[in-house]
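J.: Have a look at the structure that comes next, please.
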């Protein structure tokens, strides 16, 4: 999600999460010229009289004008500065909060206190992976006459539609026009500036930390100067919209998924499910194989995946039927579907069962029973503090607009209640438990909390996968030889181990050194006696390499893995290029290697 945290052995531990630190860098860059203006701003915006141009320094007019450019009213800016002084971060938080309140549906008059202006979500992260464009917006220099400039801005923006004004405002904040357009499309026309900036920042930060993305194409955080700014005229706006860089987003809606999403059956739900199936002839025979990826891929992707895997029908399963968190995934495999059994004991399947200590603090208006998909990133401490202030400033049950905001953020970031009016992100060991890994599984590699979240977010849900693999237990009582492609933190190996299937030989292919270290540590902790052979690149597995491996221990019994979902995930609307995407195109390595293994083992090579 973000860069490494402070060294745990340091005498002075920085308890800020890395997402906060990186967001702070952006905010400091945007507002670097607006510090130390508290006293001046109070005089300039006081009600005692208008400040003349000679009494208002140029830097103060820039401080005010940067918020006018964003689309905020002078009245709101004055109110925000009166409450917070010339602290740019707090002023922006307050303005975004005023915007959220103004956009909320009107409620019946009550005596409830006003929503605290610090509530915002502009510094949280999510698992988005996006391409970045150069900021092509050309800016005019500010006039030294602030009053004339403000009037000019009003005149210029008056001819624009509401959506155009929003886009132009965010462009002046430093966001590339294309990213703003995509954020507005996904978040909806009614989305507030807070929601739009949250979406864009989340996408930028998450992609910057993507372990599969080459460094030369990762986004660079740009320091945006405050020395210039302002609007171009409508002509410039039209030129921007027409001239923005074209990209390819996979057309069409996501695949229509079955409801309930129980595949060929799950142990906790009785309902219609396929008990038997007939595999294409070319899919039968050694080895068994098992492929996984996100279910909500663009339309046509799963048909194409299936066409490369012997036209086998995908099995779509949501892991909420196995644990307390949703995880919608598709699986293509040639395993038997009869005789499956779950890992015991069955894991808890509601939030209160999985996290019983949170039940004491859970408010009645938070009706969640399941967590959303566990991703590679978490909400920041600053976000949770804003939520606390918003809730605790109200006597009794919060008004609907506050409840709506808090629930949206809790669902988005899987926040849970840990005290009176206090929410917090899941701890790494809680995520491990929900995904079926042993406690401290990701701690064994000696990595940071940030890397632990990232590794877990890209992993299998072990209980789900183990249920599908359980049919192998009677087939391989003496142990199994596994080729694990894109093996991550060893979800397949953990599932087989928990099923009681000995791991004789494991060939593991994983790009991330962090993940490889986690797997090695797990093997040591569980006293694995089999052999582990590591590769860091699937392209190293050519015919000669595979033939040597197969000759050394007699062949593979299972080929398992899930290729990167970066360009398939529904949250990614910039580089959601399907299987043509730079990362997700690695899928084609899976059928290539599988075909080679089948041919070698059948004597065809």
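Here the Cβ of each residue, glycine as well, is placed from N, Cα and C on the backbone.
Residues or ranges marked as domain 'UBA' by TrEMBL: 61-98. The region 'Disordered' feature in TrEMBL is assigned to 105-124. The compositional bias 'Polar residues' annotation in TrEMBL covers 107-124. What TrEMBL lists as domain 'SAM-dependent MTase DRM-type' is 275-604. Marked as active site by TrEMBL: 565.
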J.: Looking at the domain 'UBA' (61-98) alone, can you tell me the average pLDDT?
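T.: The answer is 77, the mean pLDDT of the model over that range.
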J.: Applying a 10 Å Cβ distance cut-off over all chains shown, what neighbour count does residue 565 (active site) have?
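T.: Around the Cβ of residue 565 (active site), 23 other Cβ atoms lie within 10 Å.
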J.: Please list the DSSP helix, strand and coil residue counts for the domain 'UBA' (61-98).
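T.: Grouping H, G, I as helix and E, B as strand yields 31 helix, 0 strand, 7 coil.
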